[in-house]
Amino acid sequence: MARPKIALIGAGQIGGTLAHLAAIKELGDVVLFDIAEGTPQGKALDIAQSGPSEGFDAVMKGANSYEEIAGADVCIVTAGVPRKPGMSRDDLIGINLKVMKSVGEGIKAHAPNAFVICITNPLDAMVWALQQFSGLPAEKVVGMAGVLDSARFRHFLSVEFNVSMRDVTAFVLGGHGDTMVPLVRYSTVAGIPLPDLVQMGWTTQEKLDQIVQRTRDGGAEIVGLLKTGSAFYAPATSAIEMAEAYLKDQKRLLPCAAYVDGAFGLNGMYVGVPTIIGAGGIEKIVDIKLNDDEQAMFDKSVNAVKGLVEACKGIDSSLA
């Protein structure tokens, strides 16, 4: 039985990290694609040469032609321009929309049956555009957002409570940007909701509010520290978690930027919501109930995403 084929579109920091993680976890053979000649080939060769020490047999290949991604089971898209200090994710829309058009056409022509995970920012608008350009079924095109944002939230909570990250669950919904909605009420430590932990004296509401805001600013904090790029380790591990759920039919409940039509009162748009990922792609949207405050924050985030989608339509008339 042939191993699954994983195509990584973009051989930058995230793409290279994705390739390494996919190999270590033996998720399948990897094609690392980039328009820059030599870059994907060099990284693929470097990672392949770590195989004897790390004990994996996955085949690594670098490519500059979309023909090399033919028949891919999973495509993870990182291609585009990363943020720099002072930039918001939304500042990237014009440049990266053109990239999504090229990528979408490449996937449509050579890997139309793939499960596609988009990482390129501004995430919610780019995954929508990628689905439009590729023509793939909406349940097979998803954005990596909530898994990363929730991981950041979980990390900050584990540090605050001095407990293992394995015992912290957290949900972040909405757009992957400044209006994201970390759901305190649905987040727990070993099953104990965060509001109860405040009442128990484990932390204060003020500290919890600070953690929520730091989660929203999580990407910008790293951009400010690196100065020359954006995060890549955590985004890559988040996307690999999603890819593994699909390839192994794990039925994982993961927050992702998915196409929502009916749930949460939304009609046909991409935004971060709880999903079930299995062999069918996005197999279910988990329509959790929000209180008035949560709904107001979610609505604000949805409106921000709608604004980005309208901006995309203004830039490329084929999307209108």
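Note: Cβ is positioned from N, Cα and C throughout, glycine not excepted.
These figures come from a predicted structure and were not determined experimentally.
Among the features that Swiss-Prot reports, active site, proton acceptor is placed at H176. Within 10 Å of the C-beta of H176 (active site, proton acceptor) there are 29 other C-beta atoms, taking all protein chains into account.
Per Swiss-Prot, the feature NAD(+) binding site maps to G10, A11, G12, Q13, I14, G15, D34, N96, I119, T120, N121. A simple way to gauge crowding: the CB of N121 (NAD(+) binding site) has 27 other CB atoms within 10 angstroms, across all the protein chains here.
Taking Cβ-Cβ distances under 8 Å and a sequence separation of 6 or more, the neighbours of R152 (substrate binding site) in its chain are T215, G218, A234. Taken from Swiss-Prot, the feature substrate binding site covers R83, R89, N121, R152.
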Separation of alpha carbons, H176 (active site, proton acceptor) and I119 (NAD(+) binding site) (Å): 10
Between N121 (NAD(+) binding site) and H176 (active site, proton acceptor), the C-alpha gap once rounded to whole angstrom: 8
Intrachain C-beta neighbours of D34 (NAD(+) binding site), sequence separation six or more, cut-off 8 angstroms: I9, G10, A11, G12, G15, P40, G62, A63, N64, A79
Per DSSP, three-state class assigned to R152 (substrate binding site): helix
Binding-site residues compared (G10, G12) - the one with the fewest other Cβ atoms within 10 Å: G12
Recorded NAD(+) site residues G10, A11, G12, Q13, I14, G15, D34, N96, I119, T120, N121, farthest C-alpha pair in Å: 17
Helix, strand or coil at N121 (NAD(+) binding site) [DSSP, three-state]: coil
